[in-house]
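What TrEMBL records for 23-43, 508-529 is region 'Disordered'. As annotated by TrEMBL, transmembrane segment applies to 62-84, 104-125, 134-152, 158-179, 191-210, 216-237, 301-322, 334-360, 367-389, 401-425, 437-459, 465-489. The domain 'Major facilitator superfamily (MFS) profile' annotation in TrEMBL covers 64-493. Residues or ranges marked as compositional bias 'Polar residues' in TrEMBL: 514-523.
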Amino acid sequence: MRNSDNERTPLIAVIPATALSVSSGSRPYGAASHPDPDPRETTSDFVVNHLDGESGRKLPQYIAGLAVSAGALATGTFLGWTSQVEIPLVQNKEYGFPISDEEFSWIGSMANLGAAVMCLLIGVLMKMIGRKRAMLAMALPLLLGWSLIIFAKNVAMLMVGRFFVGIGGGAFCIAAPTYTAEIAQPLIRGTLGTLYQLLVTIGILFVYGIGDAVNVQMLSIICGAVVPLVIGFICFMPESPQYFIEQNRDYDASRSLMWLRGRRYDEWAEISELRAEEANIREKIKTFFQAFKQRATMRTLIISLGLMFFQQLSGINAVISYTTFILNDTNSGVLVATPVTTVIVGAIQVVVMLLTIFIVDKVGRRILLMISAIFMAISTILLAVYFQLQEDDSTQVKNLGWLPVLAVCLFIAMFSIGYGPIPWLMVGELCASNVKAYVSPLAGAFNWLLASLVTKFFIDVLDDLGIAGVFWLFSGLSLLGTVFVFFMVPETKGITLVEIQQILSGERMRRPSDQSNSTIQDNDGSDSR
């Protein structure tokens, strides 16, 4: 709504200017000398906005979400790098110094360890200097890490370089979903949250595609060249409005929301809601120990750690890292060439992740997680049965060489539609602003540590249980993950971050009708957007 001077009419009847603190040197929105608007007209306009809840522009939010998620390309490059360089470095000694299988396993694991360490620190860094600047700061460890790898003269330089790229790339798994959850309106928050995992898979596929065309040093140079591109994208994005609210900088939060939602959007209604929730959280949570006395925080921690546990213990890293090994141990006779296998695996992940982006805000998080877990269990059951029959009598599977190929492709597709992107998305959604520095880092570090352990000890477990036993184990864990989601994970589709905290604390129960129409809650005043 606009007044005669073609300026936006402040909603003074709804949000008194005195209720909003602003940074020094700025005036509160609504403090202009224009005559007050007619209260009935103002209230009417607010209610229309209120019932809609999604009146802002979406394109700027997509641009910002895509830009910060570009950091996932850096993560994808260091994840895909390992599988492309093992033969050149270990067998061909391309760098001119010997590397044993054990040393290479540590080279691969050091990036995961670096990511785990940074996950414990990135939450504090985001709170101190902001989400945007924390991501920009990751350029330093990334560039340092790739420089050490490019010019490595011994195994130690490779290990330290991998540790630093893990620090830089791993930070984005917390920072990017947190940022996108805070800038996005409810109806597109899931879409923006899954962009991170999509770009991880694109980064992996990129490395798979060029890995056999260049030597290790050139591959590392190309991976390092991705970093300035990523940082360039992030530079032009606004800081998260939630960070400004935490710093009592309402005017800056207003400017950020105007960039993200458009100038016609009533950003002060959203700021009022965010400030109220921030004040409520600060009243309840003042220290680390107080945070974990809150029901909402404990539920968030349990759900976040549980999703990360079942994500990694589904067997995804083992399947991806040892796809060639698995298929070489069958009678399929196809897809056993490493370049072909890895590119197909990477392509499946990218295609399914694109599908997930379009459906996650329509279907919902819980149903995608359960579908993902059930079909991953079916896939690993098929692999377990195949290898069990092969162990008993190899003639029984003589004509079933296609089965493990189908099972592996189905597994990767189903992981990418649910348990791949959604755990990271939900960590960003579930964490209240004052506990992000505690819960998100714990979840991220837990995930990377599990990834490192599963990848490193897969062969040891394989020797103890046999290949059939390993896949029986993975299938059982995937089924257990389905039960966990059904009983523990709330649906967060289409509701505000404030409402999510109310659900986690038990103040508000999600009605089934909410999942199809999030605006129903507005009729009884539960959504102040």
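Every residue, even glycine, has its Cβ placed from backbone N, Cα and C.
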Distant-in-sequence neighbours of the transmembrane segment (158-179), which means Cβ under 8 A and at least six residues beyond its ends: 64-65, 68-69, 71-72, 74-75, 77-79, 95, 99, 106-108, 110-119, 122-123, 126, 131-132, 134-135, 138-142, 144-149, 152, 193, 196, 227, 240, 424-425, 427-428, 431, 436, 440-441, 443-444, 447-448
Cβ pairs under 8 Å with the transmembrane segment (401-425): which stretch of 62-84, 216-237, 301-322, 367-389, 437-459 has the most? 367-389
With pairs 6 or more apart in sequence, are the transmembrane segment (301-322) and the transmembrane segment (437-459) linked by at least 3 Cβ pairs under 8 Å? yes
If you count CB pairs under 8 A between the transmembrane segment (437-459) and each of 104-125, 134-152, 191-210, 367-389, 465-489, the winner is 104-125
Does the transmembrane segment (134-152) reach the transmembrane segment (367-389) with at least 3 CB pairs under 8 A, where each pair is 6 or more residues apart? no
Confidence summary (mean pLDDT) of the domain 'Major facilitator superfamily (MFS) profile' (64-493): 85
Would you kindly check 104-125, 191-210, 367-389, 465-489 and say which stretch has the most C-beta pairs under 8 angstroms to the transmembrane segment (62-84)? 191-210
In terms of Cβ proximity under 8 Å, which residues at least six beyond the ends of the transmembrane segment (465-489) contact it? 302-303, 306-307, 310, 313-315, 318, 326, 329, 365-366, 369-370, 373-374, 376-378, 380-381, 383-385, 387-388, 391, 419, 426, 458
Near the transmembrane segment (104-125), which same-chain residues lie under 8 Å Cβ to Cβ, leaving out any that are not at least 6 residues past its ends? 78-79, 82, 86, 89-90, 134, 137, 141, 145, 155, 158-160, 162-171, 173-175, 436-438, 440-445, 447-449, 451-452, 455-456
